[in-house]
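Engineer: Copied straight from TrEMBL:
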| type | residues | note |
| --- | --- | --- |
| ACT_SITE | THR200 | active site, nucleophile |
| BINDING | ARG228, VAL229, GLY230, ASP231, THR251, GLY252, ASP253, GLY254 | substrate binding site |
| SIGNAL | 1-16 | signal peptide |
Amino acid sequence: ATVVLLLLAVLTPAAAASAAALPVVINTWAFRTAAETAWRVLESGGSELDAVERGCGQCEIDQCDGSVGYGGSPDESGETTLDAMIMDGNTMEVGAVADLRRVKNAIGVARKVIEYTKHTLLVGESASLFAVRMGFPYEDLTTQKSLSLYSEWLNQSCQPNYWKNVVPDSSTSCGPYKRREEVTYKEQTSAQRSVQNHDTIGMVVIGVSGTVASGTSTNGAIHKLPGRVGDSPIAGAGSYADSTAGGAAATGDGDIMMRFLPSYQAVEYMRMGIDPTVACQKVISRIKKYTPKFFGAIICANTTGSYGAACNKIPGFTQFHFMVSSPLLSRPTEQVVDCI
């Protein structure tokens, strides 16, 4: 009996933080217009997939935090490219695009991958050609802002960057780089990788009947190597939806987080009956064992409408803000969790 009481004492605060009600929309960061847009779609009778597509698409239009959509996070050659995915938790279908160029509505293109192909992921120039065939216009993703970010970076000897074990020394100079003959491992310090250099919108929508959809959109890590793809468009990493259990979406350092399939793992924890907050915390703790200083967070929601979030505590990132819309709230509401 004592053990049961102790367990209740541990689990109750997490459960109480997210009284369950459907439908629910939850998204990473304080991206309010994205939450409002998704909620409006549901209220007007749109599907869960529609809500995810329109909600994340709103962030592409708003250029949320400069980390979603056009005109942000230029790569090493100064170009902005986009990654996005959308997942249907009923059919387990996924549509995704990565390294998408010259097309602004990345999650819209991802939705067309589900609707018009038998594929899951399209990349690079070929993804752009597909987008044009689907009626999306070619548009320049470069802006004055992204050009100035690129030129500042060049003026700072291309710091920070993502190279290691190369000559010339990538920590003090620009390339072109070649591989060293003898590899000497050099650990990247947290100072080299700013906490704010990569965010993503990740969204989970659960309808009145418990149907789950999820999606992500991002312009990736700033100053990435051209061709780099992070966690966002990868099913189970960037987000995951399963209408028999729930949905999750991740944000942060995708190069590290994608190795652990955090969104898939969180959904599997919820399938076992674990509270969404605890499921999120378990996922973060698991990654932390290998890379204690990683920058990242995850949101989780189960099919009853209970939800939660967790983040890894590092200097400069001690709390994670996310948005929730539900019948229990009068409007889409910003919520905060302390990192662990």
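Heads up, the Cβ atoms here are built off N, Cα and C, so glycines get one too.
TrEMBL annotations: computationally assigned, not manually curated.
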Engineer: Quick one: give me the count of other CB atoms within 10 A of the CB of THR200 (active site, nucleophile).
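Structural biologist: The answer is 30.
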Engineer: Measuring Cα to Cα, how many angstrom lie between ASP253 (substrate binding site) and the residue listed as 'active site, nucleophile'?
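Structural biologist: Roughly 10 Å, rounded to the nearest whole number.
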Engineer: Measure between the Cα atoms of every pair in ARG228, VAL229, GLY230, ASP231, THR251, GLY252, ASP253, GLY254, the residues the record assigns to substrate, and report the largest value in Å, rounded to a whole number.
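Structural biologist: Taking every pair of listed residues, the largest Cα separation comes to 16 Å.
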Engineer: Highest Cβ count within 10 Å among the binding-site residues ASP231, ASP253: which residue is it?
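Structural biologist: It comes out as ASP231.
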Engineer: Which residue, out of the binding-site residues VAL229, GLY230, GLY252, GLY254, shows the minimum number of other Cβ atoms inside 10 Å of its Cβ in this structure?
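Structural biologist: VAL229, out of the binding-site residues VAL229, GLY230, GLY252, GLY254, has the fewest neighbouring Cβ atoms within 10 Å.
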Engineer: GLY230 (substrate binding site) to the residue listed as 'active site, nucleophile': how many Å between their Cα atoms?
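Structural biologist: Cα to Cα, GLY230 (substrate binding site) and the residue listed as 'active site, nucleophile' are separated by 11 Å.
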Engineer: Counting across all protein chains shown, how many other Cβ atoms sit within 10 Å of the Cβ of THR251 (substrate binding site)?
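Structural biologist: For THR251 (substrate binding site), the 10 Å Cβ neighbour count is 30.
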Engineer: Tell me the Cα distance separating THR200 (active site, nucleophile) from THR251 (substrate binding site), rounded to the nearest angstrom.
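Structural biologist: The separation of the Cα atoms works out to 6 Å.
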Engineer: Can you give me the Cα-Cα distance between GLY254 (substrate binding site) and THR200 (active site, nucleophile) in Å, rounded to a whole number?
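Structural biologist: Cα-Cα, rounded: 10 Å.
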Engineer: Between VAL229 (substrate binding site) and THR200 (active site, nucleophile), what C-alpha distance do you get in Å?
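Structural biologist: Here the two Cα atoms are 13 Å apart.
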Engineer: In whole Å, how far does the CA atom of GLY252 (substrate binding site) lie from that of THR200 (active site, nucleophile)?
Structural biologist: 7
Engineer: I'd like the number of other C-beta atoms within 10 A of the C-beta of ARG228 (substrate binding site), please.
Structural biologist: 18
